[in-house]
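These notes concern the structure reproduced below.
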Amino acid sequence: MKIIFDEEKKVFLIHTNSTTYGIAIVDGKYVAHMYYGKYLDERDLRYLLREDEAPLVPSVNLREKGAFLDCAAFEYPETGMGDYRESAFCVRSQDGHRASELVYTGYEIMEGKPALEGLPSVWGKKEECATLKIFCLDRLLGIKATLLYSVMEDSDAVIRSVFVENQGKESVYLEKVLSACLDMDDRNFQVLGLFGSWARERHIQRMPLGYGRQNIASLKGESSHQEHPFMALVTPGTTQETGEVYGMNFVYSGNFIAQAEKSQFDSVRMTMGIHPEGFTWKLEPGEHFTAPEVVMVYSDQGLGKMTRTYHDLYRQHLIRSPYLHKKRPILINNWEATYFDFDEKKLLEIAKEASELGIEMLVMDDGWFGKRNLDDSSLGDWFVNEEKIKGGLNNLVENVKKLGMKFGIWVEPEMISPESELYRKHPDWAIQIPGRETTQSRAQYVLDFSRQEVVDGVYEMIAEVLRSADISYVKWDMNRQLATMGSSALPADRQGELYHRYVLGVYRMQERLIRDFPDILLENCSGGGARFDPGMLYYSPQIWCSDDTDAIERLAIQEGTALVYPVSAMGAHVSVCPNHSVGRVTPFETRGDVALLGTFGYELDITKLTEEEKTLVKVQVEKYHKYNDLIREGDYYRLASAAENRYYDSWMIVEKDKSKALLFYVQVLSRANVKSRFLRLAGLDPDKRYQVDGKEYSGRTLMQAGLRITPEMGDFRSRTIEISMCQ
Ligand code: DGJ
C-alpha cells in the first residue's frame with residue numbers, strides 16, 4: 001500500500017499489493033483518470049492521457065475545450081460545461097444555473113482513513129491505511145469538493161467518497177453527488193449485476209455493454225430486492241479464475257444508481273452513488289455534505305479473486321460487531337412455525353424440544369406486541385401483548401433461559417400501522433404528503449426517520465423492551481418500500497433531502513442500539529433480503545438473506561449474495577417441507593448443508609418433526625460446531641453454479657493456511673445414464689498432499705484433474721466432503 005505524488009509530472013499513483021490506480025492533473029486544473037488495473041511499477045504513465053491527440057488539452061486548444069471535456073477521462077465530472085456523458089456532480093445555484101467546474105487546488109496524503117460523519121464506512125488502524133485527498137473548487141460558487149481515495153495494507157480495494165463544502169456566500173442545491181466515477185477504454189466489457197424480487201434476491205445476471213447507458217438502481221428508499229448496489233464490468237469470458245473484473249459496491253442502504261455508459265469514442269464510464277432522482281440537498285454557506293463510500297475492487301483473476309477481496313475487507317474492516325469472529329448461537333425462529341398464531345406456551349414447547357436437540361437460542365418473531373395477530377396493526381406499539389405472552393416478556397425469557405437457551409426478539413422500528421396507539425397519538429410521524437392519500441404497503445406507513453424526535457421516541461420504546469428482559473439477539477426488520485415522500489418537519493426546499501435523511505436516521509438508531517446494547521447480536525432484515533448491503537453490515541454482522549428458505553432456491557440466492565458478501569453474514573435457516581415459498585420437498589440433509597453456508601438456524605415447528613428428522617437435527621448441530629470456524633473465517637471458492645448448468649452446484653471453503661477445506665456439492669437434478677463427474681477443486685496448495693475420503697491426492701491433482709463425484713439417485717441430494725492436508 002502506497003500513495004505517491006510526482007510533483008513534477010503532477011501524477012498520483014495509488015498502489016495496493018496487486019493493483020495501481022493513477023490520477024493526473026491536466027493543465028493544472030483538471031483531475032483526470034489515467035489508469036486502474038494490475039499493479040504497475042512504471043512511474044511515468046502520463047502518456048495514457050493522450051494529451052497530444054486531438055482535440056488536445058484546453059491550454060493548447062481552447063477553441064475545443066468542449067471536445068476535450070467530452071472525451072477525456074475524468075475522476076469527478078460535473079454537469080453543464082461540455083462533458084455530455086453521465087456526470088457525477090450537479091449543483092444548482094441560487095439563480096437557477098446548473099453548470100459547475102471543480103478545479104484542482106491541491107492535495108493531501110495522510111496516514112489512516114477518516115470515518116464519514118453519520119455514515120457507515122470502512123475502517124482501519126492508522127498505520128494500516130492511507131488516504132489521498134484531492135481538493136477541487138468551483139470558484140464562482142465557492143463550492144469545494146474533496147475527492148477521497150483510501151487504501152488498506154491488507155486489501156486490494158480502493159475506497160472512494162466525496163466531501164462537499166459550501167465556502168461561498170449563497171446557499172446552493174446539490175442535485176447529484178455521486179461517490180465514484182471510473183473512465184476507461186472499453187474492453188468489450190459486460191455488465192454483471194445482482195437482480196431479483198421478493199424471495200428471489202440477488203440472482204447474478206451478465207449482459208453485454210452496448211453504446212448508451214445501462215444502469216442498476218433503486219428508488220425504493222432501500223437497497224431493494226430487485227436491484228442491488230453492486231456492479232461489475234467484466235471482460236468477455238470471465239470465469240471464477242480468469243478475466244478482468246472491475247467491481248463497485250455501495251456502502252449505503254437507500255436509493256442508489258450504478259451505471260455503465262459506452263461513449264462514441266468507445267470509452268466506458270462507470271459511476272455509482274445516491275440516485276439523483278428525488279434528491280436535492282440545500283447547502284447553506286458553511287455547511288457540508290458527505291457522499292457515502294464506494295468500494296472498488298479490481299481483479300485480474302476473475303470473479304473469485306474479487307469475491308475474496310470483498311469478503312476479507314468486510315470481515316476485517318467493515319463489520320464491527322463483537323460477534324463477527326465468533327460462532328453465533330444456533331437459533332430457532334418461530335416465524336415459519338407459527339406465523340402470528342402463537343402464545344408463550346407454544347414458544348416454550350418449541351424451545352424445550354429445540355434445547356434437547358442442541359439448539360441454543362429461541363427467536364420470537366413478528367406478533368408479540370400491541371394487538372398484533374395479523375400484519376394489519378400495532379407497528380409502533382412496542383409493548384408486549386400479555387394476552388399472548390401471559391406472564392409477560394421477562395417471565396417468558398427466564399423460562400427459555402431455564403432450558404439453557406438464549407432469547408431473541410423481532411422488531412420493525414421504522415414502521416407505523418395506521419391501526420396503532422402510536423399513530424393515533426402522532427399521526428404526523430408518518431411520512432406523508434398533506435392532501436394526498438398516503439401509500440400503504442402491508443397495511444403500514446413509514447415513520448419519518450429524518451426527524452430526531454421520531455427516532456428517539458421509537459428508540460426509547462424499543463430500548464425499554466430490551467431492558468425489561470435478558471435479550472441476546474434482535475432481528476430488525478423493514479417490510480415495505482418508501483413512497484408518498486413528504487416530511488412535516490422539512491421546509492419546501494428541503495423535501496428532496498428526505499430519502500437520504502431517512503437513511504441517516506436509520507443509521508443513527510442502529511448506532512445507538514449497538515452502543516447501548518453492545519452484547520446484543522443484531523441481525524438486519526428487510527422482507528427477506530431487501531437491505532442486504534454493506535451499509536447495514538457495518539451495524540450487524542448478519543442479515544436475513546431471503547424469505548425463501550427452500551434449499552434449492554437458496555442456491556442461486558446465496559451464490560449471488562456470496563459473490564460480494566462474506567458467508568458469515570448470510571442468514572440461512574433449515575425450514576419445513578413442502579417449503580412455504582415454493583412447495584418443494586427436499587431432503588432434510590440438503591436443507592442443513594445449504595444453511596451451513598451462512599449463520600445457520602432453524603425455522604420450523606420442531607415439535608412436529610419425526611424422530612428421524614430430530615436425529616438429523618442433532619447431526620447438523622454437530623456439523624455446525626465442527627465446521628463453523630472454517631466456514632466463517634475461510635476463503636470461499638465457487639466451483640459450479642446450478643443457475644448456469646441446471647444440474648449441480650458446488651462451492652468450497654478453504655482455511656486461510658490451506659490446511660483444511662470443506663467441499664459442498666448439491667446434485668440438483670438427477671440424470672439417467674451419466675458417468676461420474678471430475679470436479680476441479682480450488683484454493684488448495686498444489687504442492688501439498690490432501691486426504692479425501694480415505695484417499696490421498698496432491699492439491700495440484702485435485703485442482704487440475706479433479707475429485708471424482710459419483711451420481712446419486714434422486715433430486716436435490718447434497719454432500720459435504722472434508723479435505724485435510726496430510727501431516
Ligand atoms: C419479513 C421477514 O423476512 C420474515 O422473516 C419475518 O420476520 C416477517 N417479515 C415478519 O413479519
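Each residue, glycine too, has its Cβ placed from N, Cα and C.
These come from TrEMBL:
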DOMAIN    30-284  domain 'Glycosyl hydrolase family 36 N-terminal'
BINDING   W198, D365, D366, R442, K475, W476, D477, M478, N479, C525, D547  substrate binding site
ACT_SITE  D477  active site, nucleophile
ACT_SITE  D547  active site, proton donor
DOMAIN    649-722  domain 'Glycosyl hydrolase family 36 C-terminal'
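With a 10 A radius on its CB, D477 (substrate binding site) counts 22 other CB atoms from all the protein chains. Among the residues W198, D365, D366, R442, K475, W476, D477, M478, N479, C525, D547 said to bind substrate, no two Cα atoms are farther apart than 19 Å. Look at the domain 'Glycosyl hydrolase family 36 C-terminal' (649-722): DSSP puts its residues at 6 helix, 34 strand, 34 coil. Cβ neighbour count for W198 (substrate binding site) (all protein chains, 10 Å cutoff from its Cβ): 17.
In the predicted model, the domain 'Glycosyl hydrolase family 36 N-terminal' (30-284) has a mean pLDDT of 98. Around D547 (substrate binding site), the same-chain residues at least 6 positions away in sequence with a Cβ under 8 Å from its Cβ are W198, A199, G527, G528, G529, S581. All protein chains included, K475 (substrate binding site) registers 26 other Cβ atoms within 10 Å of its own Cβ.
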